[in-house]
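Student: Before I ask anything, here is the structure I am working with.
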């Protein structure tokens with residue numbers, strides 16, 4: 001407390017309240033683990049959307065008694081519920097596949113501070129007690145680390161809401177024997193990171209991975225005098241700027257990553273789209289089993305015949321079995337000009353009867369068909385309170 005400065009005194013009080021909130025959030029997460037254990041014993045689904053909706057409606061009523069806005073309460077507790085769902089999913093999956101795994105070696109793109117590094121840490125924090133970090137220079141190196149047994153898991157970006165699909169990763173999925181065992185989505189907030197006092201006009205050279213430059217192209221175009229230099233990762237760009245120690249250079253990357261290199265944020269929120277997220281996939285040498293208590297996603301890769309309507313016919317099989325396709329991506333087949341492979345994300349468990357029936361039908365009408373993996377879906381669509 002600082003009685004001589006009323007503003008500082010109030011901030012001290014706010015900090016004290018924030019600490020209490022953190023303690024309560026941690027306590028709530030522990031209760032979510034107990035709920036997951038109870039559901040494991042009774043084989044009940046992880047999600048109960050009606051219960052979530054009723055919870056939100058009750059909290060809105062309670063919030064009004066404290067003059068708290070309904071929209072504020074809804075947004076806040078949708079995040080809390082999402083954390084609870086993902087925590088419970090992770091516990092069920094660990095119990096089913098790796099009940100005794102406490103540490104994992106995870107390969108990712110770049111040194112510490114890259115977005116892939118942050119995604120790997122997020123995944124490990126939910127699924128393991130600790131993580132051994134295996135930073136790599138290229139996507140190909142990440143795959144090889146796991147294939148050769150140097151790492152247990154690969155965390156790789158697959159698509160971004162602003163710049164679209166990451167084709168290099170899709171192409172590697174054609175060639176690897178690894179299976180997709182998980183996914184996660186990371187909010188991306190690109191910043192201009194500098195080593196000391198400077199301004200945007202004084203900067204001459206900006207370093208980053210090609211993806212941030214694509215995602216922030218509208219902001220970048222405002223400074224035509226900037227020289228753009230590509231690096232293997234955002235973390236490599238931060239490392240470079242930290243080493244150069246010049247007011248004329250900057251990096252595009254995350255604030256959390258910049259802190260690891262003692263860089264300062266000069267500008268935030270650079271992306272063309274306000275909602276900028278990257279979806280990452282997690283790969284391992286062995287496929288996993290997904291509990292039928294958990295929402296699942298299955299990723300397929302297939303090549304259809306060259307006749308007209310072949311792809312449409314294949315997709316109709318999914319529709320006939322009430323399977324929802326959430327992603328369709330095409331990539332050229334190496335060595336076969338004008339021929340394409342199709343990557344399909346389907347909402348559903350590989351072991352379900354309808355998925356098995358659909359795969360049997362697809363097998364007879366495609367030139368090749370491969371399941372890349374079945375894994376828990378981490379896209380938690382928030383429940384909405386009744387109007």
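Cβ from N, Cα, C; glycine included.
Here's the feature list from Swiss-Prot:
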DOMAIN    1-92  domain 'Chorismate mutase'
BINDING   11, 28, 39, 48, 52, 84, 88  substrate binding site
DOMAIN    105-285  domain 'Prephenate dehydratase'
SITE      278  site 'Essential for prephenate dehydratase activity'
DOMAIN    299-376  domain 'ACT'
Student: What is the interatomic distance between the Cα atoms of residue 48 (substrate binding site) and residue 278 (site 'Essential for prephenate dehydratase activity'), given in whole Å?
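Tutor: Computed Cα spacing between residue 48 (substrate binding site) and residue 278 (site 'Essential for prephenate dehydratase activity') is 27 Å.
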Student: Using DSSP, would you call residue 52 (substrate binding site) helix, strand or coil?
Tutor: helix
Student: Measuring Cα to Cα, how many Å separate residue 278 (site 'Essential for prephenate dehydratase activity') from residue 84 (substrate binding site)?
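Tutor: Here the two Cα atoms lie 21 Å apart.
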Student: Please compute the mean pLDDT of the model over the domain 'Chorismate mutase' (1-92).
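Tutor: Summing pLDDT over the domain 'Chorismate mutase' (1-92) and dividing by its length gives 92.
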Student: Radius 10 Å, atoms counted are CB only; among the binding-site residues 48, 52, which position scores highest?
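Tutor: Sorting the candidates by Cβ neighbours within 10 Å, the top entry is 52.
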Student: Select the most exposed residue of 28, 39, where exposure means the fewest other Cβ atoms within 10 Å, treating these as the binding-site residues.
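Tutor: The binding-site residues 28, 39 were compared, and 28 has the fewest Cβ atoms within 10 Å.
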Student: Just give the helix, strand and coil counts over the domain 'ACT' (299-376), going by DSSP.
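Tutor: Split into helix, strand and coil, the domain 'ACT' (299-376) gives 24 helix, 39 strand, 15 coil.
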Student: Going by DSSP, is residue 11 (substrate binding site) part of a helix, a strand, or coil?
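Tutor: In three-state terms, residue 11 (substrate binding site) counts as helix.
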Student: On the three-state reduction of DSSP, what should I expect for residue 278 (site 'Essential for prephenate dehydratase activity')?
Tutor: strand
Student: Residues with Cβ closer than 8 Å to the Cβ of residue 84 (substrate binding site), same chain and 6+ apart in sequence?
Tutor: 28, 29, 32, 35
